[in-house]
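Chemist: After the structure tokens below, expect a handful of questions from me.
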Amino acid sequence: MTNQSLPKLTYTGASKSAVPIISESELQTVTAEPWLKISDEGLQLEGLVFDRDHNLFLCEVFGGKIFKVDIDTKKVSTAFQSTKQNPAAVKIHKDGRLFTCYLGDFESTGGIFATDEHGEQFEEIISELNTEYCIDDMVFDSKGGFYFTDFRGYSTNPKGGVYYVSPDFKTVTPVIQNISVANGVALSTDEKILWVTETTTNRLHRIQLEDDGVTIAPFGATIPYYFTGHEGPDSVCIDSDDNLYVAMYGQGRVLVFNKRGYPIGQILMPGRDEGKMLRSTHPQFIPGTNQLLICTNDIENDSEGGSMIYTVEAFAKGHESYQFQ
């Protein structure tokens, strides 16, 4: 038998893509459109959040800048420079303060600090001096407490977890532990379901909570979805129908799940099949609308496309969370 007559594998269909979609290929799929270029450089953008005046804030993890965007003019400015290492998320308290999560050295020096929008009136909320958390993200509940994710560990060393901080910021209570690189976190509209992404094991956690917000209901901790591919699920947000939007880091897309954890749609970044704009990190709604923004960058493509925010219309309007109450 000659080589010419052997059965041959060829790159066809999905196998031509730098990031093939296999198990979700039949989902309703849309491709996002450009909304705003933040920088010509490849910046690790994260933490999209809006204040009451509908100004957009976001952070750049490795460089430490906190950006502010006027959504009417789309003017981008630097709100302040983080004094802490590797800021990974920004959330806004009902009183208007910005709460910034930072990863520190990715091992033992992360925390959360609060400031005004100019980076002033600094207050340490979770101190790196007396904890070992590597804090990636957080979500407020209606009482003013919050859940945060501990980003530590890796696939065979599950050191991460999710913790609840009381409204007075004095008590930290573990909710789930022993997971690998806890990343995105969101609460359902009724605050009964806590969603958590576990990046390095490619898992989605759905946690049903008791009324105290920290006790897991009987049989309430489940993993409704296992993701595939490199790298894994990142930050998340919910809409008013309780659908969950999960950014897929390293894959240039966002997957959408219904309130029971079933995938119902996906949003693709332009150029992903050619390996462009793959570092999709965070989805967030423009308040009062169903317009979803998604930040990503082109670092894996030698930063050719810079750092972008893309947009689509989602299934429903975004859920108006704690800062708008």
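In case you wondered, yes, glycine gets a Cβ from its N, Cα and C as well.
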Chemist: Name the residue, out of ASP136, ASP141, ASP273, that Swiss-Prot lists for the same Ca(2+) 1 site as GLU46, ASN183, ASP234, SER235, please.
Modeler: ASP136
Chemist: Which state, by DSSP, holds GLU128 (Ca(2+) 2 binding site): helix, strand or coil?
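Modeler: Its secondary structure by DSSP: coil.
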Chemist: Find the one among the recorded positions GLU46, ASP136, ASN183, ASP234, SER235 whose C-alpha lies closest to that of SER108 (Ca(2+) 2 binding site).
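Modeler: Checked the recorded positions GLU46, ASP136, ASN183, ASP234, SER235; minimum Cα distance to SER108 (Ca(2+) 2 binding site) goes to ASP136.
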Chemist: Using only C-alpha positions, which one of GLU128, THR131, TYR133 is spatially nearest ASN183 (Ca(2+) 1 binding site)? These are the binding-site residues in the record.
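Modeler: Result for ASN183 (Ca(2+) 1 binding site): the nearest of the binding-site residues is TYR133.
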Chemist: Do you know offhand how many angstrom separate SER235 (Ca(2+) 1 binding site) and GLY110 (Ca(2+) 2 binding site) by C-alpha?
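Modeler: Pair distance, Cα basis, whole Å: 17 Å.
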Chemist: Any idea which of the recorded positions GLU46, GLU128, ASP136, ASP234 has the thinnest Cβ neighbourhood at 10 Å?
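Modeler: Least crowded of the recorded positions GLU46, GLU128, ASP136, ASP234, by Cβ count within 10 Å, is GLU128.
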